[in-house]
Amino acid sequence: MTAFVVTGTDTGVGKTIFSAALTGALNAHYWKPVQAGLEDGADRDHVARLAGVPASHVLPESYRLNTPCSPHRAAELDGVVLDLARIALPDVRPLVVEGAGGALVPVTRNTTYADVFAWWNLPVVIVARTGLGTINHSLLTIEALRARGVPIHGVAFVGDAVEDSEATICAMGEVRRLGRLPMLGQLDRPALAQAFAEGFRVEDFA
């Protein structure tokens, strides 16, 4: 059954918001294996609020780390050794898995998220900004994933419409253009569900 990994071209591009929207649209389970930074609430808490799925669909993290930085360093600061065996995929479907930061963020000193994605062998949705710099960041992300044999499902944009940038990324990167979420003035479940329905086709995630 359906399962996707959500990564981003950078931190703060809208991965969690998109993950919540996709989780709700698919009535999926959501899992973020490593949460680094707890002060502003965990991403799973935001997804639980925005996705509109049963509480049991929002799975607990394998690791909850205190410092909001790359997981490899957050683990070191907490005195935790990250065991990759503990981030094996849960046996539930449909499933939306959210990474941290971008594809080349280190999970350990020797392993990036892109390496983990290759191990999981699930299709990856790249969440990208539409603003200045996104072409470079997006194409670098595509290259990094392809170099590891990671299947790319497509790119989901977040932000104001920038037709040329969106089209250029997908043409040069030879990836599917899945749609775009606008910036929402009011971020709640009904507004997010409507924005996803207007910007994406759920059948593209079947």
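Just so it is clear, glycine is given a Cβ too, placed from its N, Cα and C backbone atoms.
Not measured: the values here are computed from a predicted model.
Swiss-Prot lists Thr16, His46 as binding Mg(2+), and of Glu39, Glu61, Glu76, Glu98 the one it places in that same site is Glu98.
With the fewest other Cβ atoms inside 10 Å of its Cβ, the least crowded of the recorded positions Lys32, His46 in this structure is His46.
Under the DSSP three-state reduction, His46 (Mg(2+) binding site) is assigned to helix. Nearest Cα neighbour of His46 (Mg(2+) binding site) among the listed recorded positions (Gly14, Thr16, Lys32, Glu98, Ala100): Thr16. For the pair Glu98 (ATP binding site) and Lys32 (active site), the Cα-Cα distance reads 5 Å.
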